[in-house]
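Worksheet: one structure, shown below.
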């Protein structure tokens, strides 16, 4: 095989033998159900150029797969078996590292036989390496030549129902659960209805993403849907929103580390002459220095395995809260308020943040062995996460009342074993998630490096270091965990979760929808827009007030 490199993107030229084998595999899958047919490209469609694989960001699929699921530990970014064993070795540049054509695998080991043909991946990040899986999309004007496509990493549709549910929970059950008691404090008991409403609406819009993906061959990711709906402008706009949301989550991790470590060691400080760092600034800086080397790793598969414990960590923290309240019996402070209209918009953003998983749902759907189970996967994931968030919100607010902090771990008595377990679990978990969350942002920026600079190691290091340090400065500037979360939930999550899925659905399937479907989408868009406006204004007002 020969590698052909253009100025703008990297390509693989497949040999005729591999092309024939791959075509035979696709032909063998023609008899599968409708979900499988939507996942595979027909012979006529294969000859058309696929712009979804050549537009920025090409690295989205690969980076989000690492962020949300567990790849094989044997997969390195080097493509060299002797080097990829050093999973903790440092990154040279994600634009120049070699990658095997194996797929990143889901949370658990792959299921057995009887799996459907693979969807085509939109990965197009790294320099070409010999691949035994040929491309099926030919460039225009090259019908009689081996096809060239941007370098891909096919994702095997091997996720079972249970694996997909765990991947969904791994995305939904994040740090947002820590602030649900604080959301009840801000909005009152009746605000719990908002949590349920958002859960239902988010579940529905998650289904809409599936219909968008099935509308045309080659659609695999959220940016792909944006491009199908509104062209490249839609792709760029949605990608930027998703990356800003991920970056903001990393800022939240820094604030989270600072708050919880300061609660454990309130007297810690560092004096350098006349300059002194208090405990919050000290631990924010320490956490940043600790996660920085993980952002330089060239193989994040080990971190991806560990971060899969995020589901276990979330469950453990909630169980510790229940243990402290029901077994250690620290008592309940009172009934609390029914509704707080003045601070209700803050609660809106906090509840919305709990369901910010839509950036990953298309990846989960396209990697499933049986895509028809996707609605059940979403239903199970949302039901479990809503139950956990609701349970933590009710018990936390009953225990701490109007003194509830933005993270309930800060209210838990430090002398209890369950409290120590909850706090340390909260502290350790972001160290494994930070690099995986920041990696998609970094990889998208590394794509913009001109090809003649691609082999310079320093560019990738500088980009990732700058992103990490900037998240530290943002976290130190606005160190308000709950308010920053409310801002993210109102401004970004409402867009990603409610508004954009409906607008893309209406655009892609216009003329094919009945009045009920159109009305449902319009109502959800209105709910999302109103929630975003009020929530963003309230969160920004409170942040500015606290800064003053």
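Keep in mind that glycine also has a Cβ here, set from the backbone N, Cα and C atoms.
Per TrEMBL, the listed range annotated as transmembrane segment is 233-255 (candidates: 141-163, 164-186, 233-255). Per TrEMBL, the stretch carrying the note transmembrane segment among 94-117, 190-213, 262-285 is 190-213.
Which of 377-401, 402-426, 427-451 counts as transmembrane segment depends on TrEMBL, and there it is 377-401. Feature transmembrane segment, per TrEMBL, maps to range 518-540 of the set 58-80, 518-540.
When Cβ distances are compared across the two stretches, the transmembrane segment (377-401) makes no contact with the transmembrane segment (233-255), since fewer than 3 pairs at least 6 residues apart fall below 8 angstroms. Packing against the transmembrane segment (518-540) from elsewhere in the chain are residues 197, 201, 204-205, 208, 343, 345-346, 348-349, 352, 483-484, 486-487, 489-491, 494-495, 497-499, 502-503, 505-506: each is 6 or more residues past its ends and has a CB under 8 Å from a CB in it. Listed as Cβ neighbours of the transmembrane segment (233-255) (distance under 8 Å, sequence separation of 6 or more from its ends, same chain) are residues 55-57, 60, 67, 174-175, 222-227, 284, 287-288, 291, 356, 359, 430, 433-434, 437-438, 440-441, 444, 467-468, 471-472, 474-475, 479-481, 484-485, 488, 492-493, 495-496, 500, 504. With a threshold of 8 Å between CB atoms, the same-chain residues lying at least 6 positions outside the transmembrane segment (457-478) that come near it are 91-96, 247, 250-255, 258, 281, 284-285, 288, 291-292, 295-296, 438, 441-442, 445-446, 449, 484, 543, 547.
Within its own chain, the transmembrane segment (484-506) is flanked in space by residues 175-176, 179, 198, 201-202, 205-206, 208-209, 211-212, 222, 225-226, 228-230, 234, 238, 241-242, 244-245, 248-249, 251-252, 255, 345-356, 358-359, 406, 478, 513, 518, 521-522, 524-525, 527-529, 531-532, 534-536, 538-540, 542-543, which lie at least six positions past its ends and keep a Cβ under 8 Å from the stretch. Cβ atoms under 8 Å from those of the transmembrane segment (344-365) belong to residues 61, 64-65, 67-69, 155, 159, 164, 167-168, 171-172, 174, 176-177, 179-180, 182-184, 186-188, 191, 194-195, 198-199, 202, 205-206, 209-210, 213, 219-222, 224-225, 242, 245-246, 371, 374, 377-378, 381-382, 385, 389, 482-483, 485-494, 496-497, 501, 531, 534-539, 542 of the same chain, restricted to positions at least 6 beyond its ends.
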